[in-house]
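Per Swiss-Prot, the features are as follows:
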- 23-33: compositional bias 'Gly residues' (COMPBIAS)
- 42-61: compositional bias 'Gly residues' (COMPBIAS)
- 450-468: compositional bias 'Low complexity' (COMPBIAS)
- ASN65: N-linked glycosylation site (CARBOHYD)
- ASN82: N-linked glycosylation site (CARBOHYD)
- CYS419: S-palmitoyl cysteine (LIPID)
- 1-77: region 'Disordered' (REGION)
- 444-488: region 'Disordered' (REGION)
- 1-95: topological domain 'Extracellular' (TOPO_DOM)
- 122-133: topological domain 'Cytoplasmic' (TOPO_DOM)
- 160-169: topological domain 'Extracellular' (TOPO_DOM)
- 193-213: topological domain 'Cytoplasmic' (TOPO_DOM)
- 239-251: topological domain 'Extracellular' (TOPO_DOM)
- 276-348: topological domain 'Cytoplasmic' (TOPO_DOM)
- 374-380: topological domain 'Extracellular' (TOPO_DOM)
- 406-572: topological domain 'Cytoplasmic' (TOPO_DOM)
- 96-121: transmembrane segment (TRANSMEM)
- 134-159: transmembrane segment (TRANSMEM)
- 170-192: transmembrane segment (TRANSMEM)
- 214-238: transmembrane segment (TRANSMEM)
- 252-275: transmembrane segment (TRANSMEM)
- 349-373: transmembrane segment (TRANSMEM)
- 381-405: transmembrane segment (TRANSMEM)
Amino acid sequence: MTFRDLLSVSFEGPRPDSSAGGSSAGGGGGSAGGAAPSEGPAVGGVPGGAGGGGGVVGAGSGEDNRSSAGEPGSAGAGGDVNGTAAVGGLVVSAQGVGVGVFLAAFILMAVAGNLLVILSVACNRHLQTVTNYFIVNLAVADLLLSATVLPFSATMEVLGFWAFGRAFCDVWAAVDVLCCTASILSLCTISVDRYVGVRHSLKYPAIMTERKAAAILALLWVVALVVSVGPLLGWKEPVPPDERFCGITEEAGYAVFSSVCSFYLPMAVIVVMYCRVYVVARSTTRSLEAGVKRERGKASEVVLRIHCRGAATGADGAHGMRSAKGHTFRSSLSVRLLKFSREKKAAKTLAIVVGVFVLCWFPFFFVLPLGSLFPQLKPSEGVFKVIFWLGYFNSCVNPLIYPCSSREFKRAFLRLLRCQCRRRRRRRPLWRVYGHHWRASTSGLRQDCAPSSGDAPPGAPLALTALPDPDPEPPGTPEMQAPVASRRKPPSAFREWRLLGPFRRPTTQLRAKVSSLSHKIRAGGAQRAEAACAQRSEVEAVSLGVPHEVAEGATCQAYELADYSNLRETDI
């Protein structure tokens with residue numbers, strides 16, 4: 001049974017009697033050719049020949065003239081190929097048409113899906129991250145496999161033999177190994193990248209730079225090239241005499257070498273990395289939810305963190321406020337939690353990709369070295385064909401996993417299908433990453449709790465910007481001129497960092513994070529305290545993930561905000 005038989009339509013057309021072909025096959029060999037069995041045995045994947053002077057294959061029976069390796073035998077001058085046409089004819093049976101239609105749809109789906117992944121990252125700046133560069137490399141390898149290898153493999157399945165010559169067969173087999181190895185190594189690289197992203201979420205941009213990513217990808221393709229050139233340099237089985245036979249080499253040494261380098265070592269790294277990702281994700285999630293996460297050592301990054309402290313306020317002479325006994329509510333909202341949740345979600349998405357990869361490729365890389373070392377354990381031809389194409393199926397299914405698991409890729413795919421390459425630019429300036437408008441809610445407050453004249457008026461925007469402060473504090477407000485650490489903070493004060501230097505145009509990711517935080521703050525500030533000024537929340541500090549030398553040059557200013565006392569650590 002062949003792969004074509006598994007996918008063929010139920011059709012049996014009349015076959016021409018080819019006994020004449022057997023009788024004309026070389027001097028004195030007609031009777032032997034006509035009496036030969038329908039399928040000669042194959043030794044080492046090379047089609048066997050029937051006995052007789054000129055009857056290389058028995059075409060007289062009218063059956064398919066194929067070896068156990070799925071390749072046609074060498075017919076005589078008047079013999080038939082696959083029992084449908086004379087030598088040189090490419091007439092395909094109905095079952096071949098069915099297989100061809102299925103494989104053509106398969107190849108087109110693989111090409112289109114991987115093109116969508118590449119164009120999605122190319123046309124959307126917010127997807128142009130180091131992790132997605134590795135995903136693009138995976139899509140490039142799968143695209144090369146789908147466009148340069150699979151069409152010839154499908155043609156060989158439909159025709160039943162290799163029709164492109166011996167030299168091109170060697171090149172085709174090498175490119176096949178190259179693309180498959182590059183695809184598998186890309187998944188290995190992605191798993192390491194995800195571990196670094198989850199384990200060191202804030203340090204990740206400094207650890208995994210674009211230059212390092214480019215070096216890793218270059219090394220990846222070099223390793224894939226080294227694995228694939230072995231057969232071209234002679235590390236393969238003896239060349240079969242029939243040029244219409246073409247397949248991957250099953251030489252025992254090379255089969256073991258390629259299986260270890262292309263699959264087993266990368267799979268071991270992938271499994272270890274994702275086990276570590278799971279352990280780190282579980283421990284970090286618990287510590288963040290419990291509010292006990294502490295920075296170890298001297299941090300080189302800043303954490304976007306808001307501390308909300310409940311305080312009872314009232315008339316207090318010159319300062320107009322005083323502290324009182326009561327419950328102190330303190331919550332820490334950190335971008336680390338938000339970024340970590342994004343990294344964990346990305347790790348889940350890529351874990352699905354890796355799981356599908358193992359299911360697709362493990363059967364092939366288990367059967368290949370096993371059959372090379374122990375020929376008696378080789379599976380049947382039909383089973384091997386299914387296993388062989390199951391590995392190719394991985395290149396088709398990878399692009400289907402992204403839109404199902406990643407909302408960003410799903411939106412990018414939809415925009416591409418609607419011929420919208422880029423998002424429309426927002427009208428507001430690109431440097432404005434956080435906006436929160438004052439609530440006109442001071443009418444019900446006592447005068448001693450209302451914002452002072454030195455604070456920003458209602459309706460004034462609160463924006464985290466990358467530009468210097470356009471409105472310097474008036475000289476008559478010594479509290480605003482005092483250092484941040486020494487002056488008393490007004491109730492419900494929000495300190496705004498204004499970044500300088502290289503952060504003049506913050507990234508889209510930072511805008512998205514702070515925008516999400518804005519929604520949480522607005523939701524938390526919707527509920528007012530029952531007694532006016534009885535319980536106020538103070539947004540004590542805001543800091544961002546930037547190096548210390550950049551943060552030292554940032555300016556700070558205080559504003560009155562609404563009550564945010566019901567914010568929790570897990571809100572973001």
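Numbering starts at 1 and runs along the chain as it is shown here.
For all residues, glycine too, the Cβ spot is worked out from N, Cα and C.
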| Under an 8 Å Cβ to Cβ limit, what residues of the same chain, 6 or more beyond the ends of the transmembrane segment (96-121), are close to it? | 3-4, 7-9, 127-128, 132-133, 135-136, 139-140, 142-143, 145-147, 150-151, 154, 157-160, 392-393, 395-396, 398-400, 402, 409, 412-413, 416, 421
| Do the transmembrane segment (134-159) and the transmembrane segment (252-275) share at least 3 Cβ pairs under 8 Å, sequence separation 6 or more? | no
| Around the residue listed as 'S-palmitoyl cysteine', how many other CB atoms lie within 10 A of its CB? | 6
| query | If you run through the topological domain 'Extracellular' (239-251) with DSSP, how many residues end up as helix, strand and coil? | reply | 0 helix, 0 strand, 13 coil
| remark: DSSP tally for the topological domain 'Extracellular' (160-169), helix/strand/coil in that order, comes to 4 helix, 0 strand, 6 coil
| message | Can you work out the mean pLDDT of the predicted model over the topological domain 'Extracellular' (1-95)? | response | 41
